[in-house]
Amino acid sequence: MEKTSTDAFPSTIYSSEKQETVCIFGTGDFGRSLAFKMLQCNYSIVFGSRNPQKSSLLPHGAEIFSYSEAAQKSDIIIIAVHREHYDFLKELTEVFKGKILVDISNNLKINQYPESNAEYLAHLVPGAHIVKAFNTISAWALQSGTLDANRQVFVCGNDSHAKQRVMDIVRTLGLTPLDQGSLMAAKEIENYPLQLFPMWKFPFYLSAILCVFFFFYCVIRDIIYPYVNSKKDITFRLAISIPNRIFPIAALTLLALVYLPGVIAAILQLYRGTKYRRFPDWLDHWMLCRKQLGLVALGFAFLHVLYTLVIPIRYYVRWTLKNRTITQATAKTQDLFSTSTAWLSDSYVALGILGFFLFVLLGITSLPSVSNMVNWREFRFVQSKLGYLTLILCTAHTLVYGGKRFLSPASLIWYLPSAYVIALIIPCTVLVIKFILILPCIDKTLTRIRQGWERNSKPTSDGQYLKGKTT
């Protein structure tokens, strides 16, 4: 392996003022990467190692000593070793008294130990000030100059002064410290890097359920029924036609489910007459997942657009058009132009284009790099007002697609309506309830509740309201 040098990392302009000395226990990938970054910021770095003579690949300018010698050269010591190797720290208890120990360790699985690594470290060396930090930043993020990686560093600790000094280091490195409170938050911080898309599980599971349900529903109507009824083998529709029915249905349903929890929350507040009562846990979690639901819905919308664009080049479509043209030419017949059909067709396409455009706009504004550039009122306008407009356009797109066949008995197959009819149930329900909620008589009450008014409150002598007793 070649020797690592600071030339391998992007150069950044830092302050020329000499910073304090920081000690790092451990010469692994993360310890070395953190040292490189701190040296670029003019910190003096000393490494502590069990084998100082055998350590290599260290950044130029760093010194290396035994653990006890290195600990005496700085009052901030970063522990870059795994928890199972913490036992040697007990021998340095006297050296650590009054010093700041920064625990950066992670575990292999969530809740692997009864207590957090930082709390365990605090028990081992009770005289030191323990701070949890840097465990959510990878070695790659430090090497890349944090230009293409997460810049947030969660920090927690019981000593406010020690925590503040660590946060100052985080800022000097060009990262963003987030104070999470006392050391009790360390367990949650340590679990954070181990979570695999925690807010995406519900949207993914829900999407999978929707796709599976509508897949079998469409197969029964469009594949099995023609075969049973007239022995037609049209299983080739499984490749394009069936997915191109499932994707728009999933997109519309998930988009409606983004706004359904807000409607339910409004109904609960109206029913309770107060905003000072917690929503049920399932509703809280649902509302936290709305962004992820919307992005998954946008993904399905993109797939629908792509599958629709390939329709003209499909063999089945080209064969059907060619065969129909030859048949009409042979019989010397033609289809009469229908103005109403043309209107329906153009309206259907236009509504789909406009709905997809606003859909993409919603997705773009949900990105952190974009949402951070707008104020709360602008963000709320886009996500709420334009969001409902998107839902209206996409619902209208589906309604116009059905046209005259919408509730026609002839469209029933084995008493099953078309899949798009089922897909309209949730969006139409959300839009109808939302229309009711924005009626002046209801909207006025809901606005007062969200401003702090309570139905059970009693006016005081100065015109203010006392909170009534809630159950």
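Here the Cβ of each residue, glycine as well, is placed from N, Cα and C on the backbone.
Copied over from TrEMBL:
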DOMAIN    21-107  domain 'Pyrroline-5-carboxylate reductase catalytic N-terminal'
DOMAIN    249-394  domain 'Ferric oxidoreductase'
TRANSMEM  204-226  transmembrane segment
TRANSMEM  246-271  transmembrane segment
TRANSMEM  292-317  transmembrane segment
TRANSMEM  348-374  transmembrane segment
TRANSMEM  386-407  transmembrane segment
TRANSMEM  419-442  transmembrane segment
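Where the transmembrane segment (419-442) meets the stretches 204-226, 246-271, 292-317, 348-374, 386-407, the count of C-beta pairs under 8 angstroms peaks at 246-271.
Counting only same-chain residues 6+ beyond the ends of the transmembrane segment (292-317), those with a CB under 8 A from a CB of the stretch are 199-200, 202-204, 206-207, 236, 240, 243-244, 247-248, 250-255, 257-258, 356, 359-360, 362-363, 366. Over the domain 'Pyrroline-5-carboxylate reductase catalytic N-terminal' (21-107) the predicted model carries a mean pLDDT of 89.
The list of residues near the transmembrane segment (386-407) in space but at least 6 beyond its ends in sequence, with Cβ under 8 angstroms from a Cβ of it, reads 248, 251-252, 255-256, 258-259, 344, 347-348, 351-352, 354-355, 358-359, 361-362, 417-418, 420-421, 423-424, 427-428, 430-431, 434. Per-class residue totals from DSSP over the domain 'Ferric oxidoreductase' (249-394), listed helix then strand then coil: 122 helix, 0 strand, 24 coil.
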